[in-house]
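Since the structure comes first, as structure tokens, the remarks are kept for the end.
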Amino acid sequence: MKVSVIGTGYVGLVAAAAFADHGNDVVCADIDEAKIAGLKDGIIPIYEPGLEPLVKRNVEAGRLHFTTSNADAAKHAEVVFLAVGTPTGGTDGAPKLDYLFQAARDIAPHIDGFTVVVNKSTVPVGTAERVTRIIADLAPDADYTVASNPEFLKEGVAVQDFMHPDRVIVGSDDERARDILQRLYQPFFRTNERLFFMSPRSAELTKYAANAYLAARISFINDVANLCDAVGADVEEVRRGMGSDARIGNKFLYPGVGYGGSCFPKDTRALIRTAREHGMSMSIVASADRINEAQKLVLVRKVRNHFGGDIAGKTIAVWGLAFKPNTDDIREAPALSIVRSLASDGAKLRLTDPEAGPNFMNALGDSVENFGIEFCKDPYDAAKGADALVLTTEWRQFRSPDFGRLGEIMAGKALFDGRNQWSREHLEGLGFSYSGIGR
Ligand SMILES: NC(=O)c1ccc[n+]([C@@H]2O[C@H](COP(=O)([O-])OP(=O)(O)OC[C@H]3O[C@@H](n4cnc5c(N)ncnc54)[C@H](O)[C@@H]3O)[C@@H](O)[C@H]2O)c1
């Protein structure tokens, strides 16, 4: 099948390479010229396990092509996926749809033969209808339909998720579109049980409802963790006790420094905003969002308390900057709030992360110089001379470090475990002071 994907980000590039891997002829377009030039030279612009070989082998096989021309992408395909960013636009939580609408305007005059335009980006209810109108205004004779096919992949395991999806949601009332998308997705699973057809509006809402539910679970367990701190219980024990109930389950029930990333924060806010437009409050989701903002600073408060309220001049190592392991994505990463807060209290910061360092230091901008924040490639370098060490992302390589070595190179022996990865008993036995979340 001839497929185009507009937007070469975490979703678009993975989707394009995965479709190509199933034998489709795929064009992937982006307005970012440097990104496309790099991809043509074999440079993958993001860190995503398994993506590089997937892109490489499909480029070599002649099934995956890159272009900066959305027009060419539109001419090429019978299915055009719009997978551009939809970041939070303003203060009211509404996502910015400018990139999506621009992509729709770019392709409209070049639609050639019956084409399914697919909103893959996460977009509010009613967006498929808005894209339909944009195309109709510019190309009244075009033969097309707009479907909604929200993406559920997780960064860090995006290739695996896309290749073996839990489910594929297709929102379309058009039989031809349903048939084309069914044929396109068929090779991704043996049976059709995991392919759900529904209306575009239901599909759009399904994505937000799923993310909001997962975000609410995280905020729920973080709230329980903070109560554990207050009453002297251990949230790890409580979590295991709760999660073993089959109705509850263990997934997404891990306390920590809050959720981040390009999806949960923006999607919860967008859902709250949609509800507000309809005179509703979605108060569980609003609470999840509020709890999450506060949660990002729980660890900072623990660090401050440890040093009697004053951390000015203290050297603090921060392990983990990405919003979660196995990605270089730092959008809304809790580490951003933590680092900014510690720095503004006068702490000297030594940061490390296996992949997200450059993105993170860019995002900090001027504060890097203003506050003298240093990035270290090696985690032990970051810990050298530190009065305290804060773990913010549970990368595998941080789970079982050489604590003996840490004890020797750190100036103080205070560990703040924002992901409950380490054992208090073990560390206290080695002479460290240990602080986790809700333990
Ligand atoms: N990242 C995730 O884990 C994830 C998961 C599920 C859904 N989503 C959703 O998928 C969408 C894309 O997310 P992402 O993380 O891949 O975004 P991204 O920011 O990584 O990539 C978006 C790309 O779109 C390009 N772009 C913007 N306007 C364009 C235009 N007019 N024409 C061509 N290219 C254009 C940008 O240059 C960029 O490369 C968002 O709506 C997001 O909410 C993301």
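If you go along the chain as it appears here, the first residue is 1 and each next one adds 1.
Including glycine, each Cβ sits where the backbone N, Cα and C put it.
What TrEMBL records for Asp30, Lys35, Thr86, Thr122, Glu155, Lys266, Arg331 is NAD(+) binding site. Annotation source TrEMBL lists substrate binding site at Phe152, Leu153, Lys154, Glu155, Lys207, Phe252, Leu253, Tyr254, Pro255, Gly256, Gly260, Lys324. The active site, nucleophile annotation in TrEMBL covers Cys263. Per TrEMBL, the feature domain 'UDP-glucose/GDP-mannose dehydrogenase C-terminal' maps to 317-424.
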Between Cys263 (active site, nucleophile) and Pro255 (substrate binding site): CA-CA distance (Å): 18
Residues near Thr86 (NAD(+) binding site) in space but at least six apart in sequence (CB under 8 A): Pro95, Lys96, Leu97, Tyr99, Leu100, Ser121, Thr122, Val123, Lys266
Listed binding-site residues (Pro255, Gly260), ranked by Cβ neighbours within 10 Å, top entry: Pro255
Segment-level pLDDT (mean, integer) for the domain 'UDP-glucose/GDP-mannose dehydrogenase C-terminal' (317-424): 97
For the domain 'UDP-glucose/GDP-mannose dehydrogenase C-terminal' (317-424), the number of residues DSSP places in helix, strand and coil: 40 helix, 18 strand, 50 coil
Contacting recorded positions for ligand 1, chosen from Asp30, Thr122, Leu253, Gly260, Cys263 when the Cβ sits under 6 angstroms of any of its atoms: Asp30, Thr122, Cys263
CB contacts for Lys207 (substrate binding site) [other CB atoms within 10 A, all chains]: 25
Listed binding-site residues Asp30, Lys35, Glu155, Arg331, filtered to Cα within 10 Å of Gly260 (substrate binding site): Arg331
Intrachain C-beta neighbours of Arg331 (NAD(+) binding site), sequence separation six or more, cut-off 8 angstroms: Pro87, Gly260, Gly261, Ser262, Phe323
Integer Å distance between the CA atoms belonging to Asp30 (NAD(+) binding site) and Leu253 (substrate binding site): 37
Neighbour count (Cβ, 10 Å) for Asp30 (NAD(+) binding site): 24
Least surrounded among the binding-site residues, given as Lys35, Lys266, when other CB atoms within 10 Å are counted: Lys35
Between Phe152 (substrate binding site) and Lys35 (NAD(+) binding site), the C-alpha gap once rounded to whole angstrom: 24
Integer Å distance between the CA atoms belonging to Asp30 (NAD(+) binding site) and Lys207 (substrate binding site): 24
